[in-house]
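Per TrEMBL, region 'Disordered' is recorded for B:444-485. Here TrEMBL flags B:20-45, B:57-78, B:98-120, B:127-148, B:191-210, B:222-239, B:322-347, B:359-379, B:408-431 as transmembrane segment.
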Amino acid sequence: MTGFFDLPTIWAFVIAFAVFAYVVMDGFDLGLGILFPGFKPGPERSRVMNTVAPVWDGNETWLVLGGGGLMAAFPLAYAIVLPALYAPIIAMLLGLIFRGVAFEFRWRDPRHRRTWDIAFTAGSIVATFAQGVTLGALLQGIAVEGRAYAGGWWDWLTPFSLLVGASLVIGYALLGATWLIMKTDGVLQLKCYTLARNLGIVTLICMATVSAATPFLSGAYYEAWFAWPRVLFTAQVPLLVLICTVVFFIGLRRGWEFMPFLMALAFFTLGLIGLGVSIFPHVVPQAVTIWQAAAPDDSLIFMLVGAVVLIPIILAYTGYAYWVFRGKTGHEGYH
Amino acid sequence: MFEQADAVLLARIQFAFTVSFHFIFPAFSIGLASYLAVLEALWLKTGRDVYLGLFKYWLKIFALAFGMGVVSGIVMSYQFGTNWSVFSDKAGPVIGPLMAYEVMTAFFLEAGFLGVMLFGMNRVGRGLHFAATLAVAVGTFISAFWILSANSWMQTPAGFSINEVGQFVPESWLEIIFNPSFPYRLVHTVLAAYLTTALVVGAVGAWHLLRDRANEGARVMFSMAMGLVMVAAPIQIFAGDMHGLNTLEHQPAKVMAMEGHFQSHPDGAPLILFGIPDQERATVDYEISIPKASSLILKHDLNAPLDGLETVDRADWPYVPIVFWSFRIMVGLGFLMLALGGFGLLARLRGNLHQSRPLHRFALLMGPAGFVAVIAGWVTTEVGRQPFTVYGLLRTAQSASPLDAPAVAASLLAFILVYFIVFGAGTIYILKLMAKPPQITGPAGDMEDDAQPPVRAAGITPASSVSTGRAIGGQHGTHEGGPRR
């Protein structure tokens, strides 16, 4: 039942990929919302918004695929995790509502543009923080009895989950700042170089703290990271972070435009790989494995046929959309 | 009864509230996306500025409606887990893949090409831009396909078995996707979306024609909308009737509730036009009915026997008053739409489609009718399948998450607050855009026409002078005599 490339394992990777795609793509546009108060009202803010206005909608869709895929492939996990993380998930949804409508509303109502700018920022921060808290709460484990969540309503609220929440806010802000380095020029770009450097330092401190704390949340995580000979493999992760850190700061100092963003993405990629190392093969950490939660093979095969054909097509036209809007962004949209 | 049912009832209210709000937007954007594709195609084919003007006009409204549909739709996709976790665990293996296909085939397509559609007019060629518009329109349709398939499966489940832990396990995906009520529901809902859009477009056209009969954009949009209503309304009534027959076959208790038939009628059932259903006493008070008409409609035979709810276990009854009334609201509005279509046809034949004030006023009044009918129809079908989430197999009370009432109450309150603020503001913005007369100016291909500030003021002043100058019928002008007719 626990072969390495059976259907549940493949689906675990597909969903992990959806979450990864979500984090790297919606990460930078949520980051813009987090950074928004730092930009001058008027053309500067409009320009920042316009760097993602044509693509944010597609970015956010990966979240729906992650959630919908979880329900389809691992219904038991979906049924346990969502009630357990009820409050942060509702908060995330409400945050995403404000952030999403702000893209259109701020253009339609110039008199209340400041209000929608605040909604954009607040929505982005709440959604990001809630995602971080969700992740932290997942990592620290969920009480399960039978086929349902069995813990209390505030179990998710711990110093660790709050730390992960705050770290994610900083991390997304870093993604946003490095994205803007690519998409803008002039004064705005200079501002973003400074922002990116400071945020980079804080992000790395946050990553180190979370990484240091995680193995001590449970014996299983400690084993996953430090058991011999696994450690030969797992040790590559912090090593790569170190290399990326060096490249990141060199890139900032030399004024490279693409490298800082790529390195920020690399931090997130490595962070997610680290997460995978910790929890695999569980889908509800420390409680339910992917094989226990998996839907019947018929469901997994039916979806896999679609995923194999469709996900590459999705990636192709997503890439095309980014290509259409390549280069530096100006001030005006279609509005 | 309260302590136990509280959390489930609150979760049901939350679902009903969020889905009703959400449904408004796709109901509008499915039709509008197609309308935009038609407008752009007409522009590419004829080169007439009026089509491009209308395209730009409705594109802004579409962007607002679509954005609100997306954010409220994400809530729906997570609500299955937060509030209905037992349902998700049990029905996930069947419902989940359908929704995953919706995301992979439709949601990404719409979201991916929306950016090109909104912002890309000056960045890609005309052909590619039209392809993007088409992709968005097709995406909304594919989305409806999968979501209605999932919903229909919950109403008329097929192609599955149940495993040892009580999960629904797929046996035949063809039977699951094309379950017995799906084709009827798909046709009925998509037609409803087209009608909803046509009524809104028609009302906006009428509003501007009432102010300025010479506005070319208003004339074209009104004519197109009335044409669609004329064709779609009768088809919709026919499709609705077919859907009703299908429901009678597969969910008889729902039809009994729609018809208000508590008692069985062994020799021909009456059609109750009006009445106040009393669930407790199982009677309909103050009944006004046409003898044997219900049998005629449902069985095409005056004397065909029809069973009433008395033949169904009382624990399996839907709540009749809601279903009974929502059904009547939907049908009543459907016939008003038919009347509007007929009126429009008459005016067209007489050549006064753009002059007839009564027609314009009627069309204006009918503007929101599609939304009301769509919600009423949704309520009919959803409340009518209670007390089940998966019809006949999984009860609503057994589908909910193990949540405490205060948690659900708090989130419900938050949703109500946020939805009214956000979607209230969005509705105002949409109405503001609709209040602007469509401008048919400027060279083709220029998307940034908002930049010219005097447009709005200039649009209104000469309009009234044009209107009085051209008013052939005399006294239906803009002055005191106006509102009486």
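From the backbone N, Cα and C atoms, a Cβ is placed for every residue, glycine too.
Model, not experiment: these values are computed from the prediction.
Each of B:20-45, B:98-120, B:408-431 was scored by its Cβ pairs under 8 Å to the transmembrane segment (B:57-78), and the highest score goes to B:20-45. Counting residues 6+ beyond its ends, the transmembrane segment (B:127-148) has Cβ neighbours under 8 Å at 26, 29-30, 33-34, 36-37, 40-41, 44, 98-99, 101-102, 105-107, 109-110, 112-114, 116-117, 120-121, 182, 185-186, 189-190, 193 in the same chain. When Cβ-Cβ distances under 8 Å to the transmembrane segment (B:191-210) are tallied for each of B:20-45, B:98-120, B:322-347, B:359-379, B:408-431, the top count falls to B:359-379. Listed stretches B:98-120, B:222-239, B:322-347, B:359-379 were compared with the transmembrane segment (B:20-45); the greatest number of C-beta pairs under 8 angstroms is found for B:359-379.
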